[in-house]
Amino acid sequence: MEMASAFTLNVRLDNIAIITIDVPDEKMNTLKAEFASQVRAIIKQLRENKELRGVVFISAKPDNFIAGADINMIGNCKTAQEAEALARQGQQLMAEINALPIPVIAAIHGACLGGGLELALACHGRVCTDDPKTVLGLPEVQLGLLPGSGGTQRLPRLIGVSTALEMILTGKQLRAKQALKLGLVDDVVPHSILLEAAVELAKKDRPSSRPLPVRERILAGPLGRALLFKMVGKKTEHKTQGNYPATERILEVVETGLAQGTSSGYDAEARAFGELAMTPQSQALRSIFFASTDVKKDPGSDAPPAPLNSVGILGGGLMGGGIAYVTACKAGLPVRIKDINPQGINHALKYSWDQLEGKVRRRHLKASERDKQLALISGTTDYRGFAHRDLIIEAVFENLELKQQMVAEVEQNCAAHTIFASNTSSLPIGDIAAHAARPEQVIGLHFFSPVEKMPLVEIIPHAGTSAQTIATTVKLAKKQGKTPIVVRDKAGFYVNRILAPYINEAIRMLTEGERVEHIDAALVKFGFPVGPIQLLDEVGIDTGTKIIPVLEAAYGERFSAPANVVSSILNDDRKGRKNGRGFYLYGQKGRKSKKQVDPAIYPLIGAQGQGRLSAPQVAERCVMLMLNEAVRCVDEQVIRSVRDGDIGAVFGIGFPPFLGGPFRYIDSLGAGEVVAIMQRLATQYGSRFTPCERLVEMGARGESFWKTTATDLQ
């Protein structure tokens with residue numbers, strides 16, 4: 001049976017050809033290799049019709065133009081040559097579109113990303129809608145790749161090399177107004193007149209490319225170009241620490257095209273695409289993409305979720321304010337905040353105001369839309385307005401009696417169906433539900449700070465939580481724009497449990513004489529966004545270390561922190577960035593202020609700060625303990641799968657994405673090699689490095705956690 005076409009040609013009475021893109025049975029349009037013949041057949045018809053005045057590409061999907069190429073095509077390539085051939089096929093198709101003798105216009109509404117933007121770049125003009133759903137970008141770098149269908153060559157010539165490099169190197173997505181300002185699109189119109197605006201543009205002569213800004217013209221010359229690439233290269237190296245080969249290849253390919261012409265540029269682009277597709281970094285990044293897509297489809301349980309019409313929040317502090325923001329402004333649900341203090345409510349409202357006002361200032365949001373979203377949030381010092389809330393999120397202090405009291409109050413003041421979700425980071429959910437009248441409706445919902453930025457949430461059912469409560473909480477998390485993983489109700493849950501030994505080891509190395517900045521730099525070089533000591537300062541030393549005694553009580557001395565170090569630091573009133581002094585000292589300008597290591601920290605903890613270990617040795621000690629604990633979490637079924645374990649570590653603590661998560665990293669090293677490293681470290685530094693039984697068994701049998709495919713487990 002012949003596959004239904006994703007591209008349909010209709011010629012209007014005014015001799016404008018409309019090519020409608022609608023991939024059958026898919027919510028998103030993605031480009032697949034088999035579509036090439038369909039597009040070529042249409043191009044042939046266009047060339048044969050001498051009456052045609054212009055062509056318009058438009059999508060039939062309600063919220064996307066083309067979301068990119070189908071990534072599975074890359075996974076199917078076994079060699080760099082096969083992936084290179086795929087890129088050349090894409091380049092050739094775009095060249096044929098571009099070579100049409102009549103104006104070709106892309107009418108863009110919704111996501112226009114990757115191969116979708118490359119198709120739009122091959123057109124002679126572009127019109128997009130002013131809808132917030134409309135975004136344009138080349139995100140291939142986030143998969144360890146570069147644009148392979150001409151994007152590295154066409155974009156710099158259209159908008160200038162420095163602006164194009166920023167887009168391609170970061171995967172940054174532009175909204176309609178930004179795209180118009182940069183010259184990426186020729187017009188921005190309301191959705192209702194998109195087709196007519198594109199048709200009018202197609203009836204004119206080919207749109208002439210507008211002149212580049214003076215700065216971009218200077219940077220396009222040999223001298224300006226040399227300076228630009230040197231500067232951008234240094235900045236990129238600092239940011240990636242050399243861990244992402246795609247960024248180096250992007251610079252090389254763009255420069256080749258500008259210096260030697262487009263023919264050489266296209267050659268370099270296809271070759272680099274093929275080689276990058278085979279790198280372990282790209283394979284790991286693609287595995288994270290597939291795993292996160294998979295998690296987003298996971299309902300959490302077999303039961304249908306209950307309706308979600310409104311949410312209540314207990315506590316207007318930093319977490320409560322952040323949760324209110326994502327619930328109202330991302331999920332679009334009415335939120336009522338209860339705090340014993342009116343100032344707490346004001347704080348939470350200001351939190352959302354600050355977030356939304358920032359978007360208005362950056363022109364990402366209209367003031368009217370800001371006001372509409374803010375109107376969803378209200379506050380109270382009692383339980384008025386809570387009677388019919390479907391789900392209550394508790395974000396009060398980490399105190400068991402207080403949380404149990406909150407459960408009792410919610411059961412007394414809310415509906416019989418209301419779910420109680422605790423944002424605890426350390427207390428067992430079973431204990432919080434111990435005196436509940438409806439324990440099946442009590443669950444953990446652990447957000448990470450800052451709530452609006454951190455993509456992960458942990459959902460923690462206790463033994464008595466119902467399947468419907470799990471499904472409803474998962475549904476809410478997804479509405480809030482989060483990636484949820486369901487974890488077992490054991491001390492530390494998953495993320496904090498694997499993070500604690502990593503941070504403990506960093507503190508232990510401090511007491512042995514390693515310097516703060518050396519430890520942090522070693523882990524940043526390894527691939528973490530910040531080092532462990534800085535992370536502790538950012539989270540708050542008091543907050544970050546609160547869980548250590550809980551974990552030590554549950555799992556024994558492998559979780560013990562170096563004696564008296566934490567208490568010495570806290571007794572010296574060091575809480576980290578929030579009070580201006582921790583391991584680092586901070587200026588007065590809030591989060592943007594510069595930090596420097598406080599030399600007084602060394603005598604305070606009885607250390608010299610001399611340092612004897614190399615950066616790889618420092619990283620090895622921290623990371624191996626994290627890997628070992630992650631394997632224990634699989635063994636104890638704290639996480640439901642290694643997929644969730646990899647996603648949890650990458651999205652929850654910034655485990656290096658190019659390594660694919662703890663379990664993919666173990667697979668890449670080999671379980672046997674990880675065991676050998678840990679046994680060596682155990683001999684040198686003590687029994688906390690003893691590899692767990694599961695790891696030893698896997699090493700002996702030569703087993704791995706993942707199969708070779710992107711999402712299947714062994």
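Using N, Cα and C of the backbone, Cβ positions are placed for all residues, glycine too.
Features reported for this protein in Swiss-Prot:
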- 1-190: region 'Enoyl-CoA hydratase' (REGION)
- Glu118: site 'Important for catalytic activity' (SITE)
- Glu140: site 'Important for catalytic activity' (SITE)
- 306-714: region '3-hydroxyacyl-CoA dehydrogenase' (REGION)
Quiz item: Cα of Glu140 (site 'Important for catalytic activity') to Cα of Glu118 (site 'Important for catalytic activity'): how many Å, rounded?
Solution: 11
Exercise. Count the Cβ atoms, other than its own, that fall within 10 Å of the Cβ of Glu140 (site 'Important for catalytic activity'), considering every protein chain shown.
Key: 29
Quiz prompt | DSSP three-state assignment for Glu140 (site 'Important for catalytic activity') | solution = helix
Practice problem: Measure from the Cβ of Glu118 (site 'Important for catalytic activity') and count the other Cβ atoms within 10 Å, all protein chains considered. | Solution: 29
